[in-house]
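Asker: Take this structure first; my questions come after.
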Amino acid sequence: MTHNCIHWFRKGLRLHDNPALVSALRDCKDLYPVFVLDPHLYNSDHMGINRWRFLVGCLHDLDCSLRKLKSRLFVLRGHPEDVFPELFKKWDVTKLTYEYDTEPYSLSRDGKVTELAERHGVEVVYKISHTLYDMDRVIEENNGKAPLTYNRMQAILKSLGPPKKPVPAPTLEDMNEIKTPYTENHEEEYGIPPLGELCEDTAAPGEEKFPGGEEEALRRLDEHMKRTAWVCKFEKPQTSPNSLSPSTTVLSPYVTFGCLSARTFWWRLAGGYQGNKHSSPPVSLHGQLLWREFYYAASVGIPNFNKMVGNPVCTQVDWDSNPELLAAWREARTGFPFIDAIMTQLRQEGWIHHLARHAVACFLTRGDLWINWEEGQKVFEKLLLDGDWALNAGNWLWLSASAFFHQFFRVYSPVAFGKKTDKNGDYINVQQAAGCIVGKDYPQPIVKHEEIHKKNIQRMKLAYAKRSSDAAVSPNKKQGWTTDTATGTAAPPPAATSLMSGQRPGRVQPLTLTSLNSNTALL
């Protein structure tokens, strides 16, 4: 039997390691590669100008790659459940393929489209390739629950064996008897819309340091893999949050949009490690990919994962609602040069180092402003090129000490932390050249850190006391104890830890670069 097949591109914006696309080519006569600009996902709330520009770059790159196979990309707008029934009829479609997506909205959307496909007699095939492992299988191996520690996740994955090997990209030979029917007016009907038409942001985008697309992703991967010694020695906490050039790979946006397959990345790293002494998870590059798997499993197994209310592992905190403070944080007007420089870089480039993310997330939530982590999550989702739904939620839960990480008394200083790795202040600004003299032109700090963070520690202590009295909310079966995500070992609650170590309850312990290895920026 020969099919007229739609391959539905969503996150997997690549040809390499795309098993669903390979499945589309099997017994295929006419192939229609489709991307749908779903207004639920692609709108001004979810997409800042840098994310839009990255996506447009990805789509142009994908169309270019398809042209080399004598095919084209068809870009449509609308809700998928409205778009696909028309395409099924128009193109006489008999098969639909796509890469599996675990996000709640995606699962609901795909369920609707699958039901519609069945009504139209269209076979539906999906493949798992956005993650290294099948998340449902991971949860099944953990007695039906999401693993809540990194060590437990590692143990489960070890029992499952190494990730599957990536599949090759289709070749011209694979497309020998397959055609993509498109007309001379393809650009008018199915072309990629220009950035100005998609993005409501009227500000001109800055320099594009990280162009979107599979070709760029593979080029960057190749460049990094040439640095074998650096790859083998890589330990994420030892990289600098305020270096003027990224001290990590910045491959996370490419993995997020699926321009780079996580499995391809994993096995290229495995090849580089072979025969060489190398770092290990959780701090190695393999370890960063496993952090990604950890948060994906958590997002699948934990209800309301991106919310505080209704999330069974999230500490319920009485966060303040303060639009003025939130706006000052978002717009880089806090009066703390380190915090404002990070937020400025985020808006201009769409990427910031993972430790920089730690600093601004702690500042917004439990450290200084006492604002709900959900508000920070929204800002990051819009502005980060690697604003992955599962990782974004998981890391805000972590950095706000709402879940996974429970040592809330470890607080980042918005001044001292930046000084550790930027003693000369190169990252924050050059005052004279910028025409911005601290104390003269620069705003005063919006809070007194030395006072407010101590009050906030007490507020967190109360939230934890309330949580530990409710066994149903405790992430660990052993009530009143938490589990360290780095070691997987049980430990007393933070207040008890302070007393046992001879410290006064609530006294701030120094926060070292190795204290938090959470996969905030991925790489």
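A Cβ is built for glycine as well, from the same backbone N, Cα and C atoms used for every other residue.
TrEMBL feature annotations, pasted as is:
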{"type": "DOMAIN", "residues": "3-132", "note": "domain 'Photolyase/cryptochrome alpha/beta'"}
{"type": "BINDING", "residues": "248-252, 288-295, 386-388", "note": "FAD binding site"}
{"type": "SITE", "residues": "TRP319", "note": "site 'Electron transfer via tryptophanyl radical'"}
{"type": "SITE", "residues": "TRP373", "note": "site 'Electron transfer via tryptophanyl radical'"}
{"type": "SITE", "residues": "TRP396", "note": "site 'Electron transfer via tryptophanyl radical'"}
{"type": "REGION", "residues": "468-510", "note": "region 'Disordered'"}
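Let's see these features in context: how buried, what's close, how far.
Answerer: The domain 'Photolyase/cryptochrome alpha/beta' (3-132) scores a mean pLDDT of 97 in the predicted structure.
For TRP319 (site 'Electron transfer via tryptophanyl radical'), the same-chain residues that are 6 or more apart in sequence and have a Cβ closer than 8 Å to its Cβ are MET308, THR365, TRP370, ILE371, ASN372, TRP373.
Around the Cβ of TRP396 (site 'Electron transfer via tryptophanyl radical'), the same chain contributes ALA361, THR365, TRP373, GLU374, GLY376, GLN377, PHE380, SER402, each under 8 angstroms and 6 or more positions distant in sequence.
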Asker: Please list the DSSP helix, strand and coil residue counts for the domain 'Photolyase/cryptochrome alpha/beta' (3-132).
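Answerer: Breakdown, helix to coil: 53 helix, 31 strand, 46 coil.
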Asker: Near GLY387 (FAD binding site), which residues of its chain come within a Cβ-Cβ distance under 8 Å, counting only those 6 or more away in sequence?
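Answerer: Residues satisfying the criterion: ARG51, THR256, PHE380, GLU381.
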